[in-house]
Amino acid sequence: PDPAEAGRAPGPPDGGWGWAVVFGAFVSIGFAYAFPKGLAIFFKEIQDFFGTSYSEIAWVSSIMLATTYGAGPISSILVNRFGSRPVVMCGGLLCAVGMVSAAFCTSILQLYICVGFITGFGLALNLQPSVIIIGKYFLKRRPIANGLAMAGSPVMLCTLAPLNQFLFDNFGWRGSFLILGAILLNCCVAGALFRPIGPRTALVKTQMTEEGKDALKGEITEDGPKENKTEEEGKDCFEKVNQYLDFSLFKHRGFLIYLIGNVLMFLGFFAPIVFLAPYAKHTGIDEYSAAFLLSILAIVDMVARPTTGIVANSRWVRPRIQYFFSFAIAFNGACHLLCPLASSYTGLVVYSSFFGLAFGMVCAMLFETLMDLVGAARFTSAVGLVTIAECCTILLGPPIGGILIDTFGDYKYMFIKCGAVMVLAGTFLFIMNYYNYRMLAKEEKERKTKEEDPKSVRTENEGEKNWNNDSTQDGPELEPLREKGEGLKKERNVM
């Protein structure tokens, strides 16, 4: 960059190389979300090979998904430290190592380690950086960009479901895992597209705004006075972690509502996909037709995600996108509640179609609604904190479903449990978001009243100081307002 621009963080370009970044995120996010679901094709055969129960084999996907989400803070810290590109490329290598190692496993416990932990951690290093970098390249078109990137999951699932069945028929599950390990190396290619945006100093400065002026000075001026270095060395572990993960988000009302609702939602979010193909096989449907159900789900999902992004970006929906998100979750749960009524293959096709629509709606807005609440500047920390909280219910969801299947010998109780939980989560989010919008309107009204009151305790200088602090925290969204504030300040100086 030019010397005059070296200290400033550039605004999101909303295009240009950003579309190449979206394509890279499309591939990376696609593998991160679709790969654990696509492995369900092998579960019936692996279960027979090792002589395990439904709940035991379900732990493979659960551990992988939980590790993908639970390692979110580690991924966020690495992104803040090294950037998105090297983190995603390392994640692709880890995924390949995990799957190649899994091909030589001799017990279900070894599968838990290789597929669950190693591959899951690699997918975590793919997911968070891909979501984070989109927020740096897009602002006005961010819902559309997120919708296109999240469409990678159904595209990959649509491809992986029949591909996995073909690989199994020709190479067995061990040979398939070797080939899948090589395929996952494409994540390294996707990560290479994540070109850093803006100078590194500006990136560090943006990340450190929550630490205050003293901490910011101590971090950036590494060659500064000796007492600053001593203070930096004397920080405890919590303060060092807080440089990368903003724990003040737990005081943010909208963030807490989002977190509680999503933790509850994920208790029933992934189990229906994990057990859809085994359920179809259980009812007597052949293997390829069962795998095709996942392809139908993925095809509908593929169309639903970018469409949802376009709808969410409209002027009617975006101001109240949290309501739209709540509806999508409740709609997803209603599909699962009705699934037991689908007793034939035609019924399962209809269920898969509606499930794909609802699933795509939720996934397209999953991170957009979080960024809408906390802003782009705090989004990196928010993703890390949310994913580690969600990993517990993600870990327990499929095994609880497997226990219900083992206990009752019927899949319908698993679908009913997942549907009830998701309807409850959607209802909770709708009610609490209504409360949050009311409180925000009330606080905004009180703020305007204080500004209009001449006897207000705040002085002009204090108001300007708070304005600058708020602008620094919220990032590029308040750039037009900040320019307006600077213009008013110049007018006062002239007068």
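Placed from the backbone N, Cα and C atoms, the Cβ positions cover glycine too.
The annotation transmembrane segment is assigned in TrEMBL to 17-36 (among others).
As annotated by TrEMBL, domain 'Major facilitator superfamily (MFS) profile' applies to 18-437.
Summarising the annotation, TrEMBL assigns transmembrane segment to 57-79 (among others).
Within the chain, the transmembrane segment (91-124) has long-range Cβ neighbours (under 8 A, six or more residues past its boundaries) at 28, 31-32, 35-36, 39, 46, 50, 52, 56-57, 59-60, 62-72, 74-75, 174-175, 177-178, 180-182, 184-191, 387. Feature annotation from TrEMBL assigns transmembrane segment to 91-124 (among others).
The annotation transmembrane segment is assigned in TrEMBL to 144-163 (among others). Among residues of the same chain six or more beyond the transmembrane segment (144-163), those with a C-beta under 8 A of the stretch's C-beta atoms are 18, 22, 25-35, 37-38, 41, 130-131, 134, 137-138, 277, 288, 291-292, 294-295, 297-302, 304-310, 312-313, 356, 360, 363-368.
What TrEMBL records for 175-194 (among others) is transmembrane segment. Proximity of distant same-chain residues to the transmembrane segment (175-194), defined by a Cβ-Cβ separation under 8 Å and at least 6 residues beyond the stretch ends, is recorded for 20-21, 23-28, 31, 35, 42, 83-89, 91-93, 95-100, 102-103, 119, 122, 126, 129-130, 133, 164, 167-168.
What TrEMBL records for 255-276 (among others) is transmembrane segment. Counting only same-chain residues 6+ beyond the ends of the transmembrane segment (255-276), those with a CB under 8 A from a CB of the stretch are 36-37, 40, 43, 58, 61, 65, 249, 290, 293-294, 297, 326, 329, 332-333, 336, 339, 352, 355, 359, 362, 366, 369-370, 373-374, 382, 385-386, 389-390, 392-394, 396-398, 400-402, 405, 411, 414-415, 417-422, 424-426, 428-429, 432-433, 436.
According to TrEMBL, the transmembrane segment annotation covers 288-304 (among others).
Annotation comment: TrEMBL describes 324-343 (among others) as transmembrane segment.
Feature annotation from TrEMBL assigns transmembrane segment to 349-367 (among others).
Feature annotation from TrEMBL assigns transmembrane segment to 379-401 (among others).
Feature annotation from TrEMBL assigns transmembrane segment to 413-435 (among others). Beyond the transmembrane segment (413-435), the same-chain residues lying 6 or more positions past its ends with a Cβ under 8 Å from any Cβ of the stretch are 254, 257-258, 260-262, 264-265, 267-269, 271-272, 275, 322-323, 325-340, 397, 400-402, 404-405.
Annotation source TrEMBL lists compositional bias 'Basic and acidic residues' at 445-467 (among others).
Sequence annotations record features per position, and here TrEMBL assigns region 'Disordered' to 445-495.
Sequence annotations record features per position, and here TrEMBL assigns compositional bias 'Basic and acidic residues' to 479-495 (among others).
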